[in-house]
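Taken from TrEMBL as is:
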type     : residues                                                                                               : note
BINDING  : 85-90, 137-140, 172-181, ASP207                                                                        : FMN binding site
BINDING  : ARG295, THR527, SER588, ARG589, LYS594, VAL595, TYR596, VAL597, GLN598, ASP631                         : NADP(+) binding site
BINDING  : ARG447, TYR448, TYR449, SER450, CYS465, ALA466, VAL467, TYR471, GLY481, VAL482, ALA483, THR484, TRP669 : FAD binding site
DOMAIN   : 79-223                                                                                                 : domain 'Flavodoxin-like'
DOMAIN   : 276-513                                                                                                : domain 'FAD-binding FR-type'
TRANSMEM : 21-42                                                                                                  : transmembrane segment
Amino acid sequence: MADVEAESSTQPEAMEEENPLFSNLDLFLFTLIAGLIIYWFMSRKKAEPIPEFKKLDQPAPSTQETSFIEKMKKTGRNIVVFYGSQTGTGEEFANRLSKDAQRYGMKGMAADPEEYDMSELSRLAEIGNSLAIFCMATYGEGDPTDNAQDFYDWLQETDGQLDGVNYTVFALGNKTYEHYNAMGAYVDKRLEELGAKRVFDLGMGDDDGNLEEDFVTWREQFWPAMCEHFGVEASGEDSRYLFQFIVIITFSFSLNSHTEYGRSDLQINCSPFDAKNPFLAPVTVNRKLNKAGDRHLMLHFLDELVYESGDHVAVYPTNDTVIVNRLGQILGVDLDSVISLNNLDEESNKKHPFPCPTTYRTALTHYLDIIHPPRTNVLYELAQYATDLKDQENMRKMASSAPEGKALYQSFVLEDNRNILAILEDLPSLRPPIDHLCELMPRLQARYYSIASSSKVHPNSIHICAVLVEYTTKTGRLTKGVATTWLKNKLVADNAHKSTVPMYIRKSQFRLPFKASNPVIMVGPGTGIAPFMGFIQERGWLKEQGKEVGETVLYCGCRHKEEDYLYQEELEEAEKTGVITKLNVAFSRDQEQKVYVQHLLRTNKVDLWRQIHTDNAHIYICGDARNMARDVQTAFYEIAEELGGMTRTQATDYIKKLMTKGRYSQDVWS
């Protein structure tokens, strides 16, 4: 320190002797600042536009072929299989049919009608021996699926002629619904009206029975008929053994081995939000709804989504890591290998079965359905890898339409509820390559829940309630619901970070009446009460705004009052304040004789008939389609018969007219 102080003390003296205008330090600083200013002016550029991100796994709009006719001509195809699919099954069937075509000396392509100009259908006759197949699912109350909506609108509006167009339709539906296979039946009828030629009968698939069996039976009759129609013969090669994708393993990809390769399709989170770009909603509440047990849970999400009472929210779950790890272990693969599954058909719009590059772990966790029992085509293709000939034979037998094969598939796969892991565990000779397994597994689908809140009262959050699915199969395996188990474990704060759930809103026709003064009758046992919590909140809000609000009557139910009475405090408070005019709750197991909501409807038949027939009440049903919705509808028939003096036929027509007028609405599932 003494040396430094001595050096410092001499500087003022030297400066006094020379006393220049600028010191060397001043000149240096001045030069540096001037240089920086000149560099800034010289290097300054116009602000670059913010890049527009495109959704992953979606072709760029400028390069995607919108003319399926030109694409078919360019690639030498003569069969196009359009699909209307909400849960992925229709798309899966379309892919199987397009793959089949190669076996018969033809070339097919599966096509999403949302991606093509369907007005070009009339040009299909330009291609020799051409055929259009439609795998059309029905959604909700006889509605088209989201991706088939524009096609449905075009069919309704067009007056063009489809002379020379060959077609057939396979419909996917569920008999428990009022409008069974309505979309498939409409497409079949409308195409014929427009002059197209039906070359094979309409196929009807029933998901309440065995949809896979219905499809296989139709398909095995369809192709021989097509061979006869087009004068072709089947080749010896089985198209079901043809690979559609090739795996590319990227060993050099930079990846931290301690972190999971994340979902690439959820990394850009900006509106508009939809099925291909879900919103990552933080969880703000996760609590148990029932007093005893863990069957029911309620979650609140902070959201930026616009919704109305009665809408549905779709959430994208992930598979159980225990099952994913076990699959990796049993197949002997490194789940963290970075891979890309690339379509061998370079002209296909679907370049990958899921967003790539990714890892096997991410694919099995986020993209593939590994919980549902596999369909017969999966078993057929995997059979080639079984070293035990008996296993091979049984797997191929289950994929046939023979009665013995159907019975074996029904018992071994469906009744025993074996998923792909259970099949691999029970057939030790079966060890397929994981890339082929990833190609064959269907996509993990979104789960839909009725929103249990009103945006008028909760504009920045969405509420859902769900019943936890957990049961033991006949083989002794504990099976857990994919979505509800995943949601249950979504803690509000996880390691100081908010848990998020990918979701989007699906609009519904399940709406309160336009006139608030109309009475509403809501019937929703169990979690069927969900949309009515939103309705009740909204009716309460309308009353607070000074609006005239009609009677608000609720019929709900559960097993035991002291165990699973959902929203008890909220409902009793709403009745106390007059928001609910009358609260009717059926506790089915609290007495020797079971009591359900339909019994309470009959008990209150006089009030119900007045509300419906005189006061123009709107009726809403939510819950189980297979039993509850039918029994409730029967109760309304009986009330109309007794108090309206009608026959059963007249009563049925009366309720159907209410449906047509939008006064009898259902939000049901099976």
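Each Cβ is built from the backbone N, Cα and C atoms, and glycine gets one as well.
When the binding-site residues ALA137, CYS465, VAL467, ALA483 are compared by the number of other CB atoms within 10 angstroms of each CB, VAL467 has the fewest. When the CA atoms are compared, the binding-site residues lying within 10 A of TYR177 (FMN binding site) are TRP669, out of the candidates TYR449, VAL467, GLN598, TRP669. Here TYR449 (FAD binding site) comes close to HIS312, VAL313, ALA314, VAL315, ILE464, CYS465, ALA466, ALA530: these same-chain residues lie at least six apart in sequence, with C-beta atoms under 8 angstroms from its C-beta.
TYR180 (FMN binding site) has GLN598 as its nearest neighbour among the binding-site residues GLY481, LYS594, GLN598, going by CA to CA distance. Across the residues of the domain 'FAD-binding FR-type' (276-513), the predicted structure has a mean pLDDT of 91.
The Cβ of TYR596 (NADP(+) binding site) has 18 neighbouring Cβ atoms from other residues within 10 Å, across all protein chains displayed. For GLY88 (FMN binding site), applying a Cβ distance below 8 Å and a minimum sequence separation of six or more within one chain yields ASP369, PRO442, ARG443, GLN445. Just so you know, the Cβ of GLY481 (FAD binding site) picks up 18 other Cβ atoms within 10 Å once every protein chain is counted. Set side by side, the binding-site residues TYR177, TYR180 differ in how many other CB atoms lie within 10 angstroms of their CB, and the most is found at TYR177. Least crowded of the binding-site residues (ASN174, SER588), judged by neighbouring Cβ atoms within 10 Å of its own Cβ: SER588. Ranked by Cα separation from GLY140 (FMN binding site), the binding-site residues ARG447, GLY481, SER588 are led by ARG447. The Cα of SER85 (FMN binding site) lies closest to that of ARG447, out of the binding-site residues ARG447, TYR596, TRP669. Assigned with DSSP, the residues of the domain 'Flavodoxin-like' (79-223) fall into helix, strand and coil as follows: 65 helix, 35 strand, 45 coil. If you compare Cα positions, SER588 (NADP(+) binding site) sits closest to VAL467 out of the binding-site residues ALA137, ASN174, ARG447, VAL467, GLY481.
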